[in-house]
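Just below is one structure, and these are the notes that go with it.
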Amino acid sequence: CSHLRLACQTEMKPYYTSKLWWCGITLLGLGEVGNFIAYGFAPVALVAPLGCVSVTGSAFISVLFLEKTMRAADILGGTLTITGTYLLVTFAPNVPQELTARQVQNYLVSWPFLVYSISEIIIFCILLYFYKRKSMKHIMVLLMMVALLASLTVIAVKAVASMITLSAKGKMQLTYPVFYIMIVLMATSCAFQVKFLNQAMHLYEATAVVPINFVFFTTSAIISGVIFYQEFQSAALLSVFMFLFGCLLSFLGVFVIARNKRQEHLQIPFIDCGLIPAKKLTGKIQPDSRSSCYGTLNNEDYSVKSQS
């Protein structure tokens with residue numbers, strides 16, 4: 001809303017001078033704080049998939065505040081997402097959420113997490129090799145690296161949030177070195193995660209990045225919660241199946257909402273040259289949008305034509 005209002009003004013002002021923009025940033029910060037606190041009270045496998053609520057909320061908020069058109073796909077995607085969210089909340093793993101520093105230390109040296117972390121490092125190094133040496137910046141490569149880093153971020157956020165919650169209740173956990181190790185891990189993995197995600201947003205459309213990143217992030221978060229915090233260790237088979245079915249519905253809802261949400265292009269993809277002298281009424285010039293020589297011959301084409 002702030003950027004749209006500033007764009008309509010005759011005198012251009014910096015966006016940071018807008019009170020509405022600062023209001024939005026404040027609300028965004030409060031939302032992230034709430035998301036951080038949620039990891040201290042709920043399983044990772046529940047908090048991570050509930051990110052689909054933000055995608056659904058954005059679709060409906062854009063209709064109210066940005067005057068977007070409500071599509072049938074938005075209603076269908078919202079219905080799928082709400083249904084999936086209900087299943088996620090109902091069949092989420094019921095495990096104790098008060099994690100002490102000693103428990104986090106034990107989880108860090110457990111053999112399932114060691115195998116998982118070694119496998120993750122190997123996969124990340126392979127992807128990084130293709131990214132750096134082969135200059136392979138495919139959307140899957142970028143978002144897989146984001147997801148691998150996100151799993152570490154989720155593990156660290158969960159540990160830090162839980163230890164801060166226990167410390168606030170009177171059980172001091174901030175004196176253990178593992179607390180600060182987790183803070184460093186959280187900050188580092190989050191910084192590199194933003195770097196690769198920003199590259200993906202720069203190279204590809206948000207309609208492709210948002211749903212794929214949500215699926216990859218949620219999947220990696222659930223796997224890390226299962227392996228590191230052993231959240232589904234005593235869950236019934238039916239609960240696990242219904243929980244995964246709820247995740248699937250949420251994934252479908254996000255894809256339906258993000259599908260075909262592209263910027264509007266010109267309705268006429270060609271230039272009508274009917275009014276140009278010596279041109280027939282049916283003559284059209286098809287411009288190449290990927291070329292800087294709009295509606296003209298490229299230099300290479302011109303030189304070839306001259307030689308011929």
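Every residue gets a Cβ built from N, Cα and C, even glycine.
Database features, via TrEMBL:
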{"type": "TRANSMEM", "residues": "20-41", "note": "transmembrane segment"}
{"type": "TRANSMEM", "residues": "47-66", "note": "transmembrane segment"}
{"type": "TRANSMEM", "residues": "73-93", "note": "transmembrane segment"}
{"type": "TRANSMEM", "residues": "113-131", "note": "transmembrane segment"}
{"type": "TRANSMEM", "residues": "143-166", "note": "transmembrane segment"}
{"type": "TRANSMEM", "residues": "178-197", "note": "transmembrane segment"}
{"type": "TRANSMEM", "residues": "209-229", "note": "transmembrane segment"}
{"type": "TRANSMEM", "residues": "235-258", "note": "transmembrane segment"}
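Just going by CB pairs under 8 A, the stretch in 20-41, 73-93, 178-197, 209-229, 235-258 that sits most against the transmembrane segment (113-131) is 209-229. At the 8 Å Cβ cutoff, the transmembrane segment (235-258) and the transmembrane segment (20-41) share fewer than 3 close pairs (sequence separation 6 or more) and do not count as touching. Beyond the ends of the transmembrane segment (143-166), by six or more residues, the same chain brings 36-41, 44, 48, 97-101, 104, 120, 123-124, 127-128, 131, 173-174, 176, 178-179, 182-183, 185-186, 189-190, 192-193, 196-197, 200, 209, 212-213, 216-217, 219-221, 223-225, 228-229 to within a C-beta distance below 8 angstroms of the stretch. Within its own chain, the transmembrane segment (73-93) is flanked in space by residues 42-43, 45-46, 49-50, 52-53, 55-56, 59-60, 63, 231-232, 235, 239-240, 242-243, 245-257, 259-260, which lie at least six positions past its ends and keep a Cβ under 8 Å from the stretch.
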